[in-house]
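Asks: Per Swiss-Prot, signal peptide is recorded for 1-20, and the stated evidence type is sequence analysis. Marked as disulfide bond by Swiss-Prot: 65-74, 70-93, 71-98, 83-100. Among the features that Swiss-Prot reports, domain 'Disintegrin' is placed at 65-105.
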């Protein structure tokens, strides 16, 4: 009786911890799902793309930046590129951020 109670408590606390399923393609996937029959398989060795590749000014696979005065075509502008100019001073991109240091739009 105690064993049955322990099993019931264990199932209540840890109802489903995931499983591995070998797909028709031969790939083994680890996942947590309620209905394993709904998983679609990929060809063996294939990787599912989550992002569209960049073409021109569209998205790239892993964009470094999307907008900002130090961003151009999803890439950071080189360090030293002028990003903001006033009559008294100029500000330059760092090459590490899409934001311009001391740019009024950052605040």
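Glycine too: its Cβ is placed from the backbone N, Cα and C atoms.
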Asks: Cα-Cα, whole number of Å: residue 83 (disulfide bond) versus residue 93 (disulfide bond)?
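Replies: Residue 83 (disulfide bond) to residue 93 (disulfide bond), Cα-Cα distance: 6 Å.
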Asks: Under a three-state reduction of DSSP output, how is residue 98 (disulfide bond) classified: helix, strand, or coil?
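Replies: In the DSSP reduction, residue 98 (disulfide bond) maps to coil.
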Asks: Listing them in sequence order, which of the disulfide-bonded residues 65, 70, 74, 93 have their Cα within 10 Å of that of residue 100 (disulfide bond)?
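Replies: Those near residue 100 (disulfide bond) - Cα within 10 Å - are 70, 93, in sequence order.
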Asks: Reduced to three states, what secondary structure does DSSP give residue 83 (disulfide bond)?
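Replies: DSSP call for residue 83 (disulfide bond): strand.
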Asks: Please name the residue among the disulfide-bonded residues 65, 71, 93 whose C-beta has the most neighbouring C-beta atoms within 10 angstroms.
Replies: 93
